Amino acid sequence: MQALQAKTITEPLKADLSQRVQALKGQGIQPRMVTFLVESDDASAAYAKVKGRLAEKLGVTYDFISLKASTSTEELVQAIKEKNADSNVHGIMVEMPLPKHINEQEVIEAIAPEKDLDGLHPLNLGYLLKGTPKMIPNTALSALRLIEASGIDIAGKQAVVIGRSNIVGKPLSQLLLSRHATVTVCHSKTQDLTAITQAADILCVAIGKPHFIQADMVKEGAVVIDIGTNYDENGKVSGDVDFEALEGKEGWLTPVPGGVGPLTTTLIFDQLIHAIETSVIDE
Ligand code: NAP
């Protein structure tokens with residue numbers, strides 16, 4: 001299979017973003033985003049730093065707010081509301097997962113929809129369902145962009161999405177539907193998964209189980225998007241697809257690392273800048 005590398009998209013996109021940031025600065029607007037991290041695992045903290053480095057490269061101000069592990073839902077909601085009200089802040093993210101004692105849904109709903117860089121506010125998910133998306137969950141959008149980069153004509157194709165989370169599987173299935181694919185969404189209760197995946201022209205996998213997808217599950221010539229991010233005991237990352245087992249096949253496959261993940265990060269900034277440029281949701 002041919003590797004669908006993120007960098008073929010991220011490199012030109014970053015150059016474009018730098019120019020758009022400069023153009024906004026020329027109009028007296030300094031793009032600014034805020035990331036909240038309630039003290040948690042190292043992976044979330046590391047990811048927040050990756051975004052900070054990219055922000056710096058692009059000329060975006062990045063406020064990283066680390067809150068203590070005992071922060072309550074009310075305290076986090078209050079901190080978000082202060083940033084909603086700050087007209088110098090254009091985008092807000094909250095690193096997930098949050099500690100168990102915090103009500104995740106309340107937190108997501110506290111973010112002003114027009115500043116909702118994760119695209120998980122019910123209003124943004126509603127716009128996506130309606131087919132008029134505003135802020136889109138970035139991982140799902142990254143998967144779509146990589147499918148497009150393969151050159152496949154999505155319309156009329158059999159697309160299979162494994163995983164039905166609000167952050168990945170559900171929004172991705174809507175994006176594919178909006179591109180006129182025939183979409184099947186699979187999950188842990190799906191029966192005879194292999195028969196379904198074998199018919200997929202486009203196979204997107206977001207389960208969180210290393211090497212779950214084997215060669216016999218994949219159609220010859222398929223575009224396979226591996227969204228899984230799994231860390232072994234040595235901190236080495238791998239996806240949900242057995243990359244080596246699929247090597248002899250025709251088609252396209254996103255590597256992990258180097259596929260969906262880095263594009264996701266860059267798309268956050270694309271959505272931030274786009275939101276400023278267009279004021280996507282009228283207040
Ligand atoms: P999640 O909320 O845990 O959802 C996992 C989904 O996989 C669920 O819908 C589950 O089905 C399904 N599933 C689990 N085992 C299955 C099986 N044996 N057969 C079929 N379906 C199965 O996870 P998520 O947040 O969507 O994340 C999925 C993966 O993507 C993780 O590895 C995560 O780290 C990665 N991820 C990557 C990025 C990125 O930017 N690269 C971003 C987000 C997530 P049920 O609904 O029936 O339980």
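Glycine is treated like the rest: Cβ placed from N, Cα and C.
Predicted automatically and left uncurated, TrEMBL annotations should be read as such.
Taken straight from TrEMBL:
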DOMAIN    4-118  domain 'Tetrahydrofolate dehydrogenase/cyclohydrolase catalytic'
DOMAIN    137-278  domain 'Tetrahydrofolate dehydrogenase/cyclohydrolase NAD(P)-binding'
BINDING   Gly163, Arg164, Ser165, Thr229  NADP(+) binding site
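Shown on the structure are the features that TrEMBL records.
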{"residue": "Gly163", "record": "NADP(+) binding site", "CB count, 10 Å": "22"}
{"residue": "Arg164", "record": "NADP(+) binding site", "CB count, 10 Å": "17"}
{"residue": "Ser165", "record": "NADP(+) binding site", "CB count, 10 Å": "17"}
{"residue": "Thr229", "record": "NADP(+) binding site", "CB count, 10 Å": "20"}
Three-state composition of the domain 'Tetrahydrofolate dehydrogenase/cyclohydrolase NAD(P)-binding' (137-278), taking helix and strand from DSSP: 49 helix, 26 strand, 67 coil
DSSP-derived helix, strand and coil totals, residue by residue, for the domain 'Tetrahydrofolate dehydrogenase/cyclohydrolase catalytic' (4-118): 59 helix, 19 strand, 37 coil
Largest separation between Cα atoms (Å) of residues that the record links to NADP(+), namely Gly163, Arg164, Ser165, Thr229: 16
Taken over the domain 'Tetrahydrofolate dehydrogenase/cyclohydrolase NAD(P)-binding' (137-278), the model's mean pLDDT: 97
